[in-house]
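Worksheet: the structure to be examined is printed underneath.
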Amino acid sequence: MGSIRSLVLMQLMILLNVILTVKASTPAVAKPGCRSRCGDVIIPYPFGTGGDCNITAGFFINCSTSFIPHKPFFGGNIEVINISTDGQLRILSNTSYDCYNTSYRNWLFYHLRFFEFSINNNKNKFTAIGCDTYAVVQGFYGQRYATGCLSLCNNITDVSNGSCSGIGCCQTRIPKDVTSYNISLASYANHTNVLLENPCSYAFVAEIDNYTFSASDLRGFEFQGKQFPITLDWKIGNRSCNEANMDVNNFACKEYSKCVDSENNSGYLCKCLEGYVGNPYLPNGCQDINECESMSPCNGMARCTNLPGTYNCSCPVGYEGDGKKSGTGCSLPNKDQSKTSLIVVALGICLAAGFSLFLAGVWWLYGKLEKRRNIKRKQEHFKRNGGLLLEKKLSSKEGGVENIKFFTSNHYNENRILGRGGQGVVYKGMLHDGRIVAVKKSKIVDQEHLDPFINEIVILAKIDHRNVVKLLGCCLETEVPLLVYEFIPNGTLSQLIHDQNEEYPRSWDMRLRIAAEVSNAISYLHSSASVPIYHRDIKSSNILLDEKFRAKVSDFGTSRSIGIDQTHLTTQVQGTFGYLDPEYFQSSQFTEKSDVYSFGVVLVELLTAQKPVLTSGSQEKKSLVSYFISSVDQNHFLDTLDPQVLKDGQNEELVAVAYLAKRCLNLDGKDRPTMKEVAMELERIRVLRGFFPTQPKQAEVVATKPTEIRDFTSSSNGFYMDSIITSVSDAHPLMSDTF
């Protein structure tokens with residue numbers, strides 16, 4: 001009887017050992033006592049459904065029981081469809097729409113915020129569809145950004161299924177590390193011309209492989225309720241691996257795992273070591289892979305032994321080799337091998353010595369050839385970048401090209417970047433004589449733009465005005481052209497006006513002087529330079545301030561010279577919203593009065609200390625120009641002025657400057673003054689400052705032709721795009737990227 005009991009007890013122990021072995025071989029997903037699944041979605045730690053089940057509050061997943069099967073959500077109402085411990089989370093996003101009929105407009109724009117997570121810019125795209133559509137997506141990735149695209153068509157038969165090139169459908173990429181976005185849609189003609197076939201515009205962010213455009217998407221209203229998956233990137237905290245590893249108690253990576261820094265060293269992920277699989281964020285979460293069972297890596301006669309994180313193949317006694325299928329396997333030793341080993345060693349030594357001498361000769365020859373190639377490469381770069389053309393243009397006037405040698409700190413180190421833009425990147429650099437300069441590393445100039453590029457260098461080299469940033473020289477022997485400007489230390493006018501820094505003076509006298517200096521510089525470009533020049537991007541961020549806070553007009557990347565008998569340029573629309581001349585936007589014809597309009601916006605900024613985009617308490621955005629013109633027309637514009645301006649300025653001169661700004665902002669370019677007239681008027685106001693009465697009076701503005709301002713706003717969560725734009729015919733993505 002006792003032997004039977006012992007036998008039963010032994011069998012139970014064997015069965016228990018088998019159960020524990022099977023259980024241990026299944027990697028854990030969630031913490032003990034926590035839900036590992038919500039409906040059809042697995043919830044792996046560091047995510048969890050509350051309490052201690054998630055690593056931080058940002059990884060909380062709300063498992064809603066209102067659905068069958070249950071559905072997981074995070075951040076409130078964002079539905080989760082997949083979570084991976086490799087650092088990615090897939091969610092569902094809604095489609096924003098803007099629909100019209102003959103009597104009303106129906107629209108809904110979506111805003112998503114991901115908190116600690118960001119959109120994966122390689123797997124997702126922003127898409128807009130419609131025949132009368134321009135779409136904008138704004139958000140934040142360490143700084144504010146805006147991008148978008150245009151989609152136009154006259155008839156649905158014009159579109160091609162599967163194509164998003166700007167005809168019926170357009171797409172653009174999302175920047176890296178975006179943590180939130182806000183989609184806005186608008187129409188040029190309220191879909192009037194395509195109302196029957198395409199009453200709606202749609203925009204959404206979706207995984208690249210999860211949407212294929214079809215002409216049927218343009219018809220009717222069925223697209224409104226569609227949802228698309230988005231891939232998000234997640235990470236642990238905001239410290240690097242080295243920093244996080246110092247805090248042992250809170251370090252997320254457990255045994256048999258390694259720490260991997262995120263791309264920007266802000267936060268980290270954990271990965272199981274090679275040979276292990278499971279959840280690296282849980283204790284004992286990474287478990288050894290039994291390669292002997294799962295892979296059968298050894299040769300038929302070799303014995304496989306599983307080791308922690310690896311395996312070993314052993315050949316039978318009397319055989320040699322590594323025993324692996326992918327290696328030498330197992331084989332009998334060669335009896336003659338020992339006899340030839342000495343010969344092989346001696347031959348190897350001789351070959352090694354000869355090969356070393358050969359390498360030394362090749363290295364010497366390579367150095368000589370590389371030196372010649374470098375000289376030839378510089379000559380080719382000089383020719384490709386227009387050096388011969390520049391030499392020809394300048395030699396006819398000055399007898400040759402002056403070469404300027406300079407050094408840029410740390411070989412274009414990121415810490416030396418002063419600004420980025422559509423034309424290139426600006427670094428802080430130093431000339432050989434110790435002078436600090438600004439070095440603009442331009443984008444590669446193709447053959448089509450070579451002549452205009454060289455023409456711009458020649459023009460800028462001839463500009464000599466105290467209020468225009470001086471071009472000191474250029475370097476064309478590099479792969480991309482380099483331009484060298486004088487260094488301006490006190491930042492931009494935009495920073496002076498809008499940044500809350502009490503160290504810098506912002507008196508009315510200084511603002512009026514800066515306005516006069518800028519107007520003189522633009523007037524010089526229009527009428528006093530040897531060849532008239534249109535700046536085409538006048539804005540407060542392109543006006544630099546030197547050590548004495550004197551204005552310096554900068555960034556001539558989009559400027560163009562014209563013939564003396566020309567009155568306008570016909571180009572694709574390019575500029576910055578908020579400063580862009582509405583007449584130019586509609587006609588694509590840029591005139592000198594377009595620069596006047598942009599200067600008028602700067603003048604209003606100086607008066608009000610407000611940005612070109614106003615944000616109300618409800619986060620609705622509207623045009624500063626529209627608001628200012630309305631206040632002038634209703635004779636209460638003094639309420640809109642900056643308190644410092646009201647304190648320093650006299651009423652009559654403020655009225656005079658405000659009226660001048662209104663004239664500059666006239667919708668009809670013919671009714672705007674010239675820059676020369678603007679400069680003379682500002683100088684007159686400065687001269688007469690002491691003659692204005694000191695007692696304030698009620699502002700009175702003489703009524704003139706009404707000034708219409710196109711307000712790019714929405715009636716609810718409106719938008720305003722502060723970025724570089726292109727013409728309607730350009731279907732390429734739009735990006736906010738200016739100096």
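Note: Cβ is positioned from N, Cα and C throughout, glycine not excepted.
Any TrEMBL annotation is an automated prediction that lacks curation.
According to TrEMBL, the signal peptide annotation covers 1-24.
What TrEMBL lists as domain 'EGF-like' is 245-287 (among others). Per DSSP, the secondary structure of the domain 'EGF-like' (245-287) breaks down as 4 helix, 15 strand, 24 coil.
According to TrEMBL, the disulfide bond annotation covers Cys253-Cys270.
Annotated domain 'EGF-like' per TrEMBL: 288-322 (among others), in sequence order. Broken down by DSSP into helix, strand and coil, the domain 'EGF-like' (288-322) contains 4 helix, 13 strand, 18 coil.
Positions annotated as transmembrane segment by TrEMBL: 342-366.
What TrEMBL lists as domain 'Protein kinase' is 412-692. Across the domain 'Protein kinase' (412-692), the model assigns an average pLDDT of 85.
Proximity of Cys253 (disulfide bond) to non-local residues of its own chain (separation of 6 or more, Cβ distance below 8 Å) is seen for Cys259, Tyr268, Cys270, Pro280, Tyr281, given in sequence order.
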